[in-house]
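Worksheet for the structure shown next.
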Amino acid sequence: AQLHYSVPEDREPGFSVGDLAKDLGVEVRSLAARNLRLVSEGGQRHFQVDLAAGVLLLDSRLDREALCGQSPTCSLHLQLVMENPLQLHRVEVEVLDVNDNAPQFPKPEVVLEITEVANPGTRLPLEVAEDPDMGSNSISTYELSPSKHFALSINVRGDGVKMPEIVLEKALDREKVPVHHLTLTALDGGNPVKSGTARVTIHVLDANDNPPVCDPPISKVLLEENVPVGTLVTKLNVTDLDEGPNGDVEYSFKTSNNAPGKFTKLFSLDARTGEIRTKAPLDYEESSAYEIAVRARDKGSPAMEGHCHLRVELIDINDNSPEIVLTSVSSPVQEDAAPGTVIALIGVKDSDSGDNGQVRLHIAKELPFKLVSSFKEHFSLVTSGPLDREKASGYNITVRAVDSGSPQRATQKTFYLRIADVNDNAPNFSSPFDTAHVQENSLPGTSVFSVSASDPDEGNNAKLSYSILDNGMQDAPISTYFRIDQDNGTIYTVRALDYEQDKVFQVPVEVKDAGSPALSSTAMVHVFVLDENDNAPNIVYPSVPKGSAFHQAIPALAEPGYLVTKIVAVDADSGHNAWLSYQLQESAEALPFQVERRSGEIRVAQALRESEDSHRLVVEVRDNGTPSLSSSVVIVISPEENGVQDFSKSLDLPQPSSEDTNLTLYLIISLVSISLVSCVMFGLVAARC
């Protein structure tokens, strides 16, 4: 928004310029909270803000003439900056002119000369009075004290300045009145009217009765700024009808009220030829035009003079580059900032005029930002799309300003905008499923596996902690079997594991970041318990108490190959640790029996003699583990005449239980699942590679 106020230049400090709170549409009590502050574009502080009342106050007494000189309008530009949300308001304060200056002539006394042969109508130019006030408070008219021979004529110059001249109305007689004393009064248009006077002394001279005449008396020249020093501006065309010294003209500058004496520093005048040249660089931005007054005086006695008025108007060239001003930058900005969020307030200005001062701002198209014009020469940089700190943690934003001159001039300014992290990414495990193996009977605290996760966020949003979830798949909570280091994700055993009791564990692991709100994800670790040969073979048949022997009767005439009995044993271990072999322990006598190594069947190896007594066999059952474990049973075989046995009835072999069958089924399902998951993971890795 832009506010406009006006204040007379003579007001004292503390004068209320305007009600900011009312005009901005905000409550007075919110101004302090929103950190309302005042920024003067000119660098000087003339105003202050009363936050308690919400009004703009005058900080120092203003002098319009010192601030703006002869400019027809005088405005001071301020900027109001408020935060939460960030807003910029422009305030234009027009300084109104007060009639506080009286007209004043450059010299308090003016001495003029006129020949006695001058004809009625002869004009004598007078010094123009100066009044720093503007408009109606500037010089309004001139008055001349009553005279029988002279009257006052007022001409208006091209720039509106009124030029007084004394006009001869009645022929002069030097012998009667050689000198005339008059009073010239300059009046302004203020209320009350102020005035200034100058004494005019006119000496009546003889002879030289033709003054130099400029043709034309008022002229205009167009000149480009920054022309080389010494460039010819114009050559005055002055004629004098007299001859000899009375027609020999000399030129000199005459100061004017536009810029008294200033143009003499920029232009030089050849006193003999009347050529006006530049003697210093001209700057359109400093002044767009100069009024030059030249006095042409002949060498007659008395000398006569004419006056030439030249207006030099400068043509602006594009010699100033645009200037970029960063009024405010909000850095860092949250990565979840909505499109349209104001990032920075940017001002631009160009001292040139017209198209040379028309400036356009640009930023790179690939940036997620855009420029929005707030009002003339002020822009807002806003977000135009979503921000993602994980893709870009910050942006080097280059703002380029280009004017419309020919050739164009450009400037640029770069600033860095940091993107603040928001917890918008959940932690990710390197693999959602993992497989680990641990030996049974391992000591508590044995390291089983290490899971790893990553989080693309930063700071607390990327600080991870690991924990184990209870899935209820075991009889006891999973935390009684395993624990995890919450910092590095290493899984340890809590107690020794028994393969015969639990062959596989599903350990669900959760990783959680420290953001707010916290985000998490889970992974499943399948821990397979590896069997250890910790169980000796158990002889199921024949079942005899420890230290006892099993008695078996066979026919006395049993032939070789006759099945005496069968040893049945089981091993709680698995794999190689459960592979059993049967053998007879060596004895001092040769036995007519043999045992099958794999089946455990005891058969007659050679024909029995009728006189043979019973035989004592020690059968050893040994597994294939490392180290190997074994069990043994003592069998006493007695040959009898009627020793016939229904072996199928006596051999009571144990049948597999439903629990063993279910366990085998679970193992098969687990192996198939792990194989499928491994195939899928290998396929994903291959596709990504």
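Heads up, the Cβ atoms here are built off N, Cα and C, so glycines get one too.
The following features are taken from TrEMBL:
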type     : residues : note
DOMAIN   : 6-105    : domain 'Cadherin'
DOMAIN   : 106-214  : domain 'Cadherin'
DOMAIN   : 215-324  : domain 'Cadherin'
DOMAIN   : 325-429  : domain 'Cadherin'
DOMAIN   : 430-539  : domain 'Cadherin'
DOMAIN   : 546-658  : domain 'Cadherin'
TRANSMEM : 663-687  : transmembrane segment
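Summed and averaged per residue, pLDDT over the domain 'Cadherin' (430-539) gives 89.
Residue counts of the domain 'Cadherin' (546-658) by helix, strand and coil are 9 helix, 44 strand, 60 coil (DSSP-based). Applying DSSP to the domain 'Cadherin' (215-324) sorts its residues as follows: 7 helix, 49 strand, 54 coil.
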